[in-house]
Amino acid sequence: MRVEEFLKEKNINIGDFIRVIKEEDGEEVIYEGYVMPPYELSPGDTLVLKLENGYNIGIALSKIRRVEVIERAKVKPEIHFEAFIEGKPHLPDVTIIGTGGTIASRIDYETGAVYPAFTAEELAKAVPEIFEIANIKPKLLFNIFSEDMKPKHWIKIAHEVAKSLNSGDSGVVVAHGTDTMGYTAAALSFMLRDLGKPVILVGAQRSSDRPSSDAAMNLICSVRMSTSDVAEVMVVMHGETGDTYCLAHRGTKVRKMHTSRRDAFRSINDVPIAKVWPNGKIEFLRDDYRRRSDSEVWVDDKLEEKVALVKVYPGISSEIIEFFIDKGYRGIVIEGTGLGHTPNDIIPSIQRATEEGIAVCMTSQCIYGRVNLNVYATGRRLLKAGVIPCEDMLPETAYVKLMWVLGHTQDLEEVRRMMLTNYAGEITPYTRFDTYLR
């Protein structure tokens, strides 16, 4: 029996609050919750309940002994939030650009899906506090999973950000899925030139329908930071597992370091720019950030997309490097071992790449620390083969930067100069010992 037939037979509707008695290890177990519609990819023989703690549970129909309806679903009257949405002349204007993810979302009880909340009224319902901080202007640019983000999307975001800032907004918040947020933050950091106002990327590790969601606080802190004096691209996410404060990370030095923790984002080889509290308190952790100004931002969106990011591993074949050469790639960023090494038997292929005008850059898969190709013989061979050591750049940042650099020049000496030039805080001038695993 499918769940639709089961519900019809039992005279149960979507949204009803019910009690389910199921068999588990020979004993009866009781669950109470709201009936959710079957999800698109859920098994057809599974009843989904939203428990009172906010979490969903699936129960196989074959295990259900009986069900009882405790309360019928009620149609809630629409609440209008014009008072929140109406602009206030004393507040700054902030545009929130939606690209996907679950930073602000709502449950559709007809389909069971969680959709982005991106009209002004939907945002007011989801996170009304942000309308007390700024006049919010929401714009849904596109709605895709962050793993589907491509360079063309970075460019589209950059132009929309510039348009908003140059029209008088105090700052811009970009709502983005967390998985590839670091790549987009780096891309915007390089493309948005003469930036004079804050650009914040924000996401949520846990969606808004979960009681442990970090979405609301992240969004509140992001809007707070978007009105600050920092004229940089930043990622604002939870600073610890509780709901105390968020951290504002520089866009070129931030990485997602955990699959599910709310404080998954960390500044690597560097200190975050600030701690941000939902009540508006901002504690700056450094003073070398770019200050707010009246400059007009412009978009330098020349990107060479034929760039690869290759991770070194024991047994890696030179055929991988040869593949990218033969396919006409213009750049390769290598995540080397330790100080930036590869097996010696792939160095001839790397040399072939540089001799054919392909830029090859070296980062470290250690994540923390700095590439140094002068210490061991392997590193010196890589230098001789023409490899560009990328200091303490994150592999993701070096990948994005090489795309941007190659969009401006194919001359390898000029590529080397630009890769080793610090454009957006991607290179720290010295190795800090107070940032490791912080």
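For all residues, glycine too, the Cβ spot is worked out from N, Cα and C.
The domain 'Asparaginase/glutaminase' annotation in Swiss-Prot covers 92-422.
The active site feature in Swiss-Prot is assigned to THR102 (among others); the stated evidence is sequence analysis.
In the three-state DSSP reading, THR178 (active site) counts as coil. Residues near THR178 (active site) in space but far in sequence (CB under 8 A, at least 6 apart, same chain), listed by position: GLY101, SER146, GLY203, ALA204, GLN205, MET237, LYS256, ALA264, PHE265. Residues or ranges marked as active site in Swiss-Prot (evidence: sequence analysis): THR178 (among others).
Sequence-distant contacts (6 or more apart, same chain, Cβ under 8 Å) of ASP179 (active site) comprise PHE145, SER146, GLU147, LYS256. The annotation active site is assigned in Swiss-Prot to ASP179 (among others) on the grounds of sequence analysis.
The annotation active site is assigned in Swiss-Prot to LYS256 (among others).
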